[in-house]
Number of protein chains: 2
Amino acid sequence: MKFQIQRDRLVNGVNDVMKAVSSRTTIPILTGIKIVAHEEGVTLTGSDSDISIESFIPRDEDGKDIVQIQQPGGIVLQAKFFESIVKKLPMDTVEIEVHSHLQTVIRSGKSEFNLNGLDVSEYPHLPQIEEDNVLKIATNLLKTMIRQTVFAVSTSETRPILTGVNWHIQDGLLNCVATDSHRLAMRKAPISGGNGEESKAVIPGKSLNELNKILEDTSDELEIVITENQVLFRAKHVLFFSRLLEGNYPDTSRLVPSESKTSLTIGGKEFLQAIDRASLLAREERNNVVRLSIGEDGRVEISSNTPEIGKVVEEVQSESTEGEELNISFSAKYMMDALKVFEGAETNIQFTGAMRPFVLRPTSDDTILQLITPVRTY
Amino acid sequence: MKFQIQRDRLVNGVNDVMKAVSSRTTIPILTGIKIVAHEEGVTLTGSDSDISIESFIPRDEDGKDIVQIQQPGGIVLQAKFFESIVKKLPMDTVEIEVHSHLQTVIRSGKSEFNLNGLDVSEYPHLPQIEEDNVLKIATNLLKTMIRQTVFAVSTSETRPILTGVNWHIQDGLLNCVATDSHRLAMRKAPISGGNGEESKAVIPGKSLNELNKILEDTSDELEIVITENQVLFRAKHVLFFSRLLEGNYPDTSRLVPSESKTSLTIGGKEFLQAIDRASLLAREERNNVVRLSIGEDGRVEISSNTPEIGKVVEEVQSESTEGEELNISFSAKYMMDALKVFEGAETNIQFTGAMRPFVLRPTSDDTILQLITPVRTY
């Protein structure tokens, strides 16, 4: 294998595939990056066996040469070293050449590295995915949907299925739900393509977080293929594979109460800031529980009290309140996570009593919903 | 105590004094910030007993009201909570009032905090410093001198005196030296004021790092008073006290070799980058040792070799080389620290053999000097 390549394109490709490389892996070759030079260009691959990322660097683009292939071939190089080397090389172009015994020379200007490579044939194959059911969605919309749901997945392995986001595709609609059993986040949006069949997948939260990092904020279409145990995301020059979580995701449709006893409409930004301040004196080890009081006169107060430190009372101006008066306690962290998703938009909260989960929605957007379970205080 | 204050000024003052507050202290009241309201304004104090910082917020400045004192007095409030509260308060002004039993109310808009305070009379007094020997130096010059020396102090407590920077003031010249016994950094500059007497102080590296964080990058004069066991730095509205290290600083004047067998003059930036790359394949646990070779023909090579990973050779263009050829090994980290101080300037390095410390100086600046001890390799 021997080729010359534009360094900035190589750095970008390496940055992408590094998102899948873990230094803690039981399969030694996966600490490496697979580099393959072929007729069309150079393909880089990184994988931790849960996530695999493939980045393609074409020979040329928009009439500009990016890669010059002298001799096709492949090698696996230690990701940690290869990454820091290509980032720090002195010139705009880099030459990579494999000699005998997998010895690989990386050359740029008067800088020359010799790395011990690993045999490319020993690198695990990427999942084979049949492409008869290709879904399509704008990249930036998908990024937003991920951000609006993934924070609510469980971080505990007690119920592994809850560490993923539940995707349900039916009738041209993608519905994403995440819950850690204390709170729930839901977002839906239209999706195109596909063969019209209902489709389900529970995608690990970690995969979605990594995917979000490498996807560009563009309205370009992203292709999605879901199989029984894998999902593939295909953007320009990047393939992202993730395994799916096995098992049945709990039915969350019945968790959302249909009735309401108290309704509060409030400015999202002011409410978030008041909760944030009230949480300052709430005990962290108890999830920063704060108390919300809605009086008969429509007065809204947020408070917390930790006797050894002090107490705080915040009065917030609401847009409107309806129904019964209410005293309810909840995790300030969960409330702030939920309100951040609404990005300051006016928010409506529907309560059905101090012990029942309550529902948050932006008043002008019915595609997002958040649910929070209150905390019993004594 | 009762006063109203501009929130941004309070936040700035708290930020400054927080640099001295440690959550790990054996004196509980030092986890607090001392707040005193008096005729002239409000004074904040933070201390970990090694470093003490006092920040003064005047009643008014440039004709603008900053503080309105209703009732003078003082209180000590938990620094961690007080800091996060004042940063997040909703309005531009804050009211602070002490009620009975040290209960302190912090009010801003419709936000009201009640904090349990501590008795201000129990807060330790700041050192009393006689001001008959006041030195003066431009703030930004002092910041540069700190940055150019403090990185070389020892981080080990084996020889506590080496964890400080040795300041020596004589004949209007301030000379700063730091060494961890493997490398040494020196910087000198004129200083004004003072009573003409020779003055010495070993200032803890930690204190100088914190001082550097709170000093503004201005050419305004800073006042310095050195006593037997304390140093005081006085900037506009801020006093910074540090204890001095006790004991005799070793005589470093004889460490700098007066002769040289090989001389290398080289562009600081290119040399730094080549060392940085060569260090990528050098073993971290052995201080990233790299090898420098200066050939008879003036060829300069930097290399490192770790058999299980690979090797690297960097050829660097020198401005000039003189004297004997040389093969020498040293810590890439120490070399990079030294070169960073020179900010890319052309650098001259004087060697007196592979086993003797070598001296680095910018070719156009004789106020800075760095010394590095080589590493024996087998």
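Along the chain as shown, residues are numbered 1 onward.
Cβ atoms here come from the backbone N, Cα and C positions, even for glycine.
Nobody curates TrEMBL annotations by hand; they come from automatic prediction.
Under the heading domain 'DNA polymerase III beta sliding clamp N-terminal', TrEMBL lists B:1-127.
The annotation domain 'DNA polymerase III beta sliding clamp central' is assigned in TrEMBL to B:137-251. For the domain 'DNA polymerase III beta sliding clamp central' (B:137-251), the number of residues in each DSSP class (helix H, G, I; strand E, B; coil) is 28 helix, 50 strand, 37 coil.
Annotation comment: TrEMBL describes B:254-376 as domain 'DNA polymerase III beta sliding clamp C-terminal'.
As a summary of secondary structure, the domain 'DNA polymerase III beta sliding clamp N-terminal' (B:1-127) carries 32 helix, 61 strand, 34 coil according to DSSP. The domain 'DNA polymerase III beta sliding clamp C-terminal' (B:254-376): residue composition by secondary structure is 25 helix, 52 strand, 46 coil, according to DSSP.
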